Every structure is written in C-alpha cells, then in structure tokens.
C-alpha cells in the first residue's frame, strides 16, 4: 500500500574507532644500558660509570607510558570525528527522508492538495510564495498536469491519509554502535507520507457520520480528479451528498467504463426505495451496482467497473466486498486494515493514519470549478445538455402564464432569463424552474424577492447586453407599465438598449453621448427617492407593496457601471443610497460591469442579493460577483452562458435571445393606459420669452413675499425634479458679475433685467409684462456702449456714496444720480462689457473706473445701489471684481479652465453651452428674452452719438455767451479760422487773438474792457510761454482745453484729479472761474 519513491543512492556509515593495543615492555632496551655500564666500570674502574646502568630501565618505562598516553589521545580524536560524521549523516538522512516525503506527496498529492489546486490560482503580479506542505507549488503543478491523465490501475488508487511507511533509503557500512543502529532504524521508516489504497477493491469507512463523510469526500475528489467525466460517473444518495451533483461526473446514465457508488449507512434515515438520488436516478435502480463485487463487470456484460465506497457505524455493516477498511478512531485519526498489503499470505496488515478531512463547502467549490473545466474542454455531458442558443419565445411558451402575477402593488417582478442545467438549487422561489426543455429547465428570477438588486459581471463579448435586454423584455412581457417601469443607462453609446425604447414601460434611455442630459437624469434620481418617500408618507404605507398600485416600481438598468462612475464619480454614493432604501421604495438596481472587483464597493454589493456572472477573465472578478471562481471557467465559445448565484446556490444558465420583432410585439400587446411618470423633466428650452415665466422662486414662496425680485430666466433643478423661475434678488444676492464669451447672451441678461426694472416702475409697461406685488420702482442706469456716459455714471455714483450729492451742487449729468439717492429709492446700475471699456481707456482712466466699480460693489448695497456688469473673462486686474460681488452668473466659457477660474466646478461645465444658458447659484438657467422694450430704452439706440455724445454727456459751449474765453488746442490757426468763419458769430462779433510764443503779450494789450466776446487761442506751448498772461486771465476767463492730454491739463490747471473722460470728437474740457472741470461740446 505504499507508493515507491526512488532514493537509490546509499548512505555509508563510518566504522566506530577503537583503542590501539598497548606496546610490549622493551626488555632488551632496558638491559642493554646496564651491560654497557658494567663493562665501562671494569675497564676504567670508575664507580661513576655504573650510573649509566639506571638509564635503560627509566627510558623503557617512559616509552611504555608514552605509548599508552598517545593511544588514548588518538582514540579521543577519532571518536569526535566519528560523532561528527554520524551527526552529518543524521542530517543527511533527515534531508533524504524529507525529499522522499515530498516526492511521495508529489506522486500522491491527496485530497487537500486537490482542493487547493482548484481554488488558488497564482497571479502573475503576485510575488512567488515559498513552498508549503512539503513543496506545495510542485504538488499543485503536479495535480494540474496529471488531472484526467491517469491510466491503468493508477487512476483508482487514492490516498487514504498520511502515515509511517518503510523508506527507500539504503544504509551501508558497519553498524557497530548504538548511534549507528539508531540511524539505521530511523532511515528504515519515513513518516507523514501518503498511504494509498486501490479503491477498485472497495473501501469501507467505519465511524461517526461527520468525520466519515469528510474523509469520503476527499476520496471522491481524488477519483474525479484522476478520471475524466468521459471515463467515470458518480452515484450518490441522500441530501448529505447533494453537493456531488455539481461534479461533471454526476450520473446521467450515459454509460462510462467506471462507476463510483457511495453508500452512506451512517444516516439516521436513508432514502425510500424509489427516492431519486442526486445524480438523477433512483436507489432501486442502482442496487445492482451497490451490491456488486467491486472491480468486476456489472450487468449484462457491459464491462463497467464499479468502485464501491460504503460508510457505516460498525465494522459488521461493511460488506466483504470492501478490501480496505478505514476505522476512524478520532477526529482526524484512523486505522487502515488493508488485505492488499500481503496478497500471498492473505494476512491483513494495519497502519495508523492521519486523515485529510474536507468540508462540504470546499468540495462544492472544487466540483463547480471541475465542472467549468470539463465544459471548457468539451468533456462535460451535463454542461453540454444546455443548448448554445435559446429562443425567447420558446422558453416563455414553456413557462406559459405560470408566475405571471400582474397584481398592482404586488411583491413580484419575475422574469424568464433562459434555460438552466439541473444542477444546483432552484432560483426565484416557487417559480425557480418552469419546466424541462432540451435537458435544461426554464429559469425565472425575481428582482423583488431574490434581490432587491442585482449585480452582473462579464467580459466583452460574453453577452451582457443580450442578458439585460432579455431580462427587461421578459419583465415587460409579464408586467404592465402600471406595475413596473424601466430607466435604462447605457454608457456604450446607447445601441445596446435601442430595441427596448419602443416598450411603454421605458421612461428614459440615458447614454454617454449627451453628458448634460445624462447628468440631469442621474441627478433626478435623488429627487425620485424623496418623491417616493413622500408618496408612501401620504398613503400611510411603509412599503410599496402596501400601496396597491399607487405608483409603479422603477428598475434602473445600468450597462457599464464602471464607465458611468468614471464620468460621474459622485453617483456611487447615490446608488448606495438607492440600494439601501430601494426595497421599500420600489426602486431596484441591475448593475452590469466588466470588472466588478474594485468598482462596486462592499456597501453596494451587500444589498445585491441576486448575482449573475457571465464569462470573466480573472478569478477575482468571478469571486467578487458570485463568491466562487466558476465564472472564470465558462467557455469562451458560448456567449450568454452565465452562473446564477442566489440564496447561497449556483447554477449554469444559457440566456435566451430576444428579437426586435418580439419586443415590438410585447409593446403592441401592452394595454394602453396612463403614460408612466418620468423621473425627470424635459430639458430647458433653447429660447424662453420673459412673458412666459411665472413669478416663483426656488422655495415656492408666494409672489407678494418676494419684494424687489427680478426675473432673469428659468432654473433647472433636476435634484428636486422641478424647474423654477430664476430670480435675482439684489437685497439677498447682492451685485452680480455676468461672465461669458462673445454672443453668449450677456447683453440679453441686461435686456431682461432692464425690462423687469422698467416694468416695476412704469404702469403701462407693467400691465404688459405682468405686475409683481410687493415690488418697488427701480432707478435704472444702463451703460457700456458710450465710454463717456459709462465714466460719468459709474464715477458719479461712486462719488455719491462718499459725499451726498444734491441737485443744487451736482454738475451737468448728475441730476439723476442725486435723485437716485433720495430716501426709499433703489438703484440698479447695469454695465455692459466692462472689460472692453477698460481696454479702450488709458491706464489712468481704466484704473479709476475699475476702482469706482469696486467701490460700488463694496459699498453700494448700504446706499441701495446694486450693480450687474458683464465681462468676457474674469482674469487679470478684473479678478478682484468677483470678490466684492454677491454672485456670479456664468454663461458659455471659452474652455473648462476659464469656467473653473470664474468659480464654477467641473460638474457644471458644458463645452457647447447654448446662447443664454448659464449657471446661476449652482443651477443651470436659461435666460429669458425680454419682449420689445418701450420708454427711454426703446429702439436700443444706446450707441447713437446724437443721443450720448452731443446731448447727454457734453452740453454745447457757445463762445458768444462768454465775455472772455481762453482756448487751448492742438491747431490754433485752424481753430482761429473756424471761429471767424462761423456764421453764428456775425450777429455778435467775436474778437479772436492768436497767442504765439514769438511776442510777449500783456493783459493791457488785449483791451479787456472793450465790449463783446474775446477769444484767446493757443496751444499748450504757447500758453506756457505766455505764462504771465495766462495767470492774469485765469481768474476771470473761461478755460477750454480741446485735444489736450491729461499731462497738459494738469500743467496748465495745476490740478491733480482726472478730468472727465473725453472720447467723442469735438468734446473738450471746460473749467469756469472757480468751478469744477466739466465736459463740453464745441460744436
């Protein structure tokens, strides 16, 4: 019963060292010196010669002592070397025994190694792990290489356990010491090696049911690993062996050379005589196999070899056909009685074993993996029973109306997926199997009872889209739109779900082709949760099943869930919320992705009770979905083949294929009724008239509670499933900066605000635009097209904030600004294209105008002054503006970076935003277009020079109305000729004097006392030369500076402040005696 392992190189033991024999006493050497000494004494007569006679005996005695001492020292040295060599041989024996132990385990891996080989596939990226269990890596490799390749008697030999057997190690040399005998005895036996038996002779197992079944599971796994499904089949009986039905060897009666029969007599109650066994046949039908002599043909010469394995509580119950009996003595220990050890003598030898016990879970996982391997290799008869194609109509005709419960508010949403094999537990409760069909059974799943949510995994080309289409079509066929609706999300372009759009159940299809629409629809799901909670609260129900059809269930089907999260990463939290609360709200998820591992988090997976996995590339992806690696072993040649896991059980399913015509037939057969409610509103219109807006803000407040609110457009609030009137409430929102590219709708915003402000103060206009109770009249100033008017208005309003301006002290053009500051008045300043205006001005004027704008933004609200200005870009020197504004309205931007720099976020960025479409207070807004305006702004002639430059910003200066005028200009000679040729001066003659630098002129030379008008004309250099005259005339003369620079103005007037801005031709600075500089027109 041992497995030979070659270990032919002998180990030679050294000879034990012994003491050398003692040397004899040297008698001659001792007597020779005595004789010589006597002769010398006789010759010489010297008594001293006799002293040499004592040297002989002394030397002889010393040599004897030295010989004995040297022998002992040599013996000690040889004994130490002998002990060291024995220690080295001891280590060598241990090493050789370990090698033999590993070799035996490689040749006979055992059940535990088999289970590991199917459940631990090494990853390429993982670092190599050291061998375990005596070279586990080699063992696993040997298992995979030898699977289903055994032949002859080797395929039925199984490892019963590990024990101590004679080794193949050979010891040579003398065994002349106790230590050497101990080494020889150690080398004779090797412990912890597999002890195998020939299963074809029959195996009997005696002991308690728990360890006995655990042991036999390992034996059965070894037999199934050695023999392929085309060679052997397995017959079991009783629920304890139901897991074996997942093996590809499960009995189907197909006729194979070897039949493994397991009879379990340890159960308290066995099956009835005709009770079906897990393999699909009855016990009565298998009695001839169970009672047959093992290893012999059974039946009518069919040549079938029967391997009989019997489990019993006592030895007496084991039939004599079992040549090997394993008597379990402890939890993992047993005694093997095997008559095969000495066939010649017929004596049964015994061996003590340590058993390898396997759990049912481990064996079921092994069986499923082995079945997948058999299916890939094309040797699994059970797997081949499922057809490669299943017709949608045929499988539904097989089920018929069974399970089609379309009760309003019911707790079932069953659907037929396809055909499943006979292995595994039924799914879908009572509707799990709808009938037989070509070796398979119709598989029904219920997203409500089996879910409430589902996760689907599968690689490209495995049939995910076909599965989702079939699932949705089947639910639509079995339930009306009053019971269930579908929201389809396809981030592969939308083509996969295109056939389903004709179903009346489908409330929307979201694709990645329109990111804006996709973002709106997905954001509306949050509002759908709130809506359904409110509906349940209003109905006094805790669950949708209690509402009796008040509103349908919503199934959200997502293809490529990972791609959706890449575009909208914040949605994972929303889907986790739906998964947690969806059951009671009637919201169900079917999430499909290629790589579930690392994409779908545990919080979401925990609520997905329905798991389906088509073919995946890696074991990790399969485990992430169904908990085992079965899906990694599905065949690549059969799209639509999947593993369905629910209720802790698995089964293989072939998805039915649905045709476009069948979907259209389902749509046509659906009874017409109320159109299902969509979970989101239509997108904002491209063009919106101001008169179409309703005066409501985002809190649904009544109009009379929104004082001084200005309607600007329609706000899209998908998170609330509402579209409200977008309002600008200056007292709450503050001033506003409008940013957008050219032709993005900036001027339209100002037009809308202008119309609203005018409607609040003009009775005739208010009757056409719609009255707004609670609102007050606005003092409106709109600038931007005339730089002079912009300067006067902005700088003047900024100055009024610092110093109260009255009508009596205000200069020309400031009467309205003074009136605007009266108690109770509210002022709106609208500035169009401020950045363009600043770009046209000199640095001094641009800086002063920008500072005035900032001053109005910062301090204006305290004096009831609010500003709305438009810009193309919020950058550079203008970036400070947004810090003082209360809000920013963002229209179309040139690029994403501009959008982010303006204060937006990536979620509100739209590449091709339509004209008038903006982001306002975090919401998308379509700006309303004002109706035709009336009143001061009618005709929209804001750029007309006749309106601004000649009549509004610069009153005409008439020379004849002033006695003395000092005129500083660029071309004095031309100006003199112009004055002299002016027909208006013929009735009132005007004296004109050209002041040059060649001749010095005094005041007395001019005849200032003469009646009439005197005009002194010169350029800046002339008056610098005639400075004495200029100083003398300055106190009484009207000073006109035409075409002068600011530097010349300051040099002549000795004033540091900026004079009014001059833009239009013919405009000049007028400084009256003792007054302030103002702008005039010289005509």
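In case you wondered, yes, glycine gets a Cβ from its N, Cα and C as well.
Sequence annotations record features per position, and here TrEMBL assigns region 'Disordered' to 1-20 (among others).
The compositional bias 'Polar residues' annotation in TrEMBL covers 1-18.
If you look up TrEMBL, you'll see 23-42 (among others) marked as transmembrane segment.
If you look up TrEMBL, you'll see 47-65 (among others) marked as transmembrane segment. Sequence-distant contacts of the transmembrane segment (47-65) (same chain, six or more residues past either end, CB-CB distance under 8 Å): 22-23, 25-27, 29-34, 36-38, 40-41.
The region 'Disordered' feature in TrEMBL is assigned to 100-138 (among others).
Here TrEMBL flags 440-623 as domain 'FtsK'.
Counting only residues at least six positions away in the same chain, the Cβ atoms of 639 sit under 8 Å from the Cβ of residue 461 (ATP binding site). The ATP binding site annotation in TrEMBL covers 458, 459, 460, 461, 462, 463, 464, 465.
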Most Cβ neighbours inside 10 Å, all chains, among the binding-site residues 458, 463: 458
Candidate with the highest Cβ count within 10 Å, taken from the binding-site residues 459, 460, 462, 465: 462
Long-range Cβ environment of residue 464 (ATP binding site), under 8 Å and at least 6 residues apart: 456, 458, 559, 592, 594, 614
Additional residues around ATP, ordered along the sequence, whose Cβ is within 8 Å of the centroid of 458, 459, 460, 461, 462, 463, 464, 465: 594, 614, 615, 639
